[in-house]
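Student: Take a look at this one; I'll ask things after.
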């Protein structure tokens, strides 16, 4: 059994066991293999920051600023480490963490998704697509769920824009957060090894007149059927198996999510 190392454009590399290894690109690799495992952490996406004139290092090296392009500098963190909040004032103003993430085409969702969160994420997706419709976007998820309508709005935007949107989960991707994780570009959906994924049928509350309650129940049933069909398309699993999994809260480890087809690979950490 030979080991195949792949270095994708997003800075991920993983190994796959196959009898006839063939080099392949990350973006064109859409077939899932439950044996795949990421063997290196996400590399820094800030490769062009030196060209912009602003660079930093998490070890505490002094920051260098080029006054010729002060407003477009980005942070260059040590490879394998996440962006670090810079304590620096630049000629273009204070540089905050959200700006660093946005300039490097990274979207972070770390809370339940409601209408306000969906508006922010959709605005970021559309803006990044209008700036550059050829470069990929990376979405980090530590999300316990949220509004079905809001999550479907984000997914529709992810599917509509031209850039490919990869997803990476850590912590928890539950309920509609799991739907977003699975709805990322096929071949670009990942999770940390300690991530917990939970899928289930949509939850709703009903109230009002009897006729109003009946209509709300019908809407919830329709939402469940739609989401089950989406999971079946995302995972390649039969619809009957998806319905069995979503009948009640189904908790999955990262490895089980990989086997089920919700993700395409695992990011490897020390433990």
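Glycine too: its Cβ is placed from the backbone N, Cα and C atoms.
Found this in Swiss-Prot, in case it helps:
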type	residues	note
ACT_SITE	175	active site, nucleophile
ACT_SITE	200	active site
COMPBIAS	13-30	compositional bias 'Polar residues'
REGION	1-30	region 'Disordered'
TRANSIT	1-77	transit peptide
Student: To the nearest Å, how far is the Cα of residue 175 (active site, nucleophile) from the Cα of the residue listed as 'active site'?
Tutor: 6
Student: Do you know which of the active-site residues 175, 200 has the most other C-beta atoms within 10 angstroms of its C-beta?
Tutor: 175
Student: Name the secondary structure element type, per DSSP in three states, that contains residue 200 (active site).
Tutor: coil
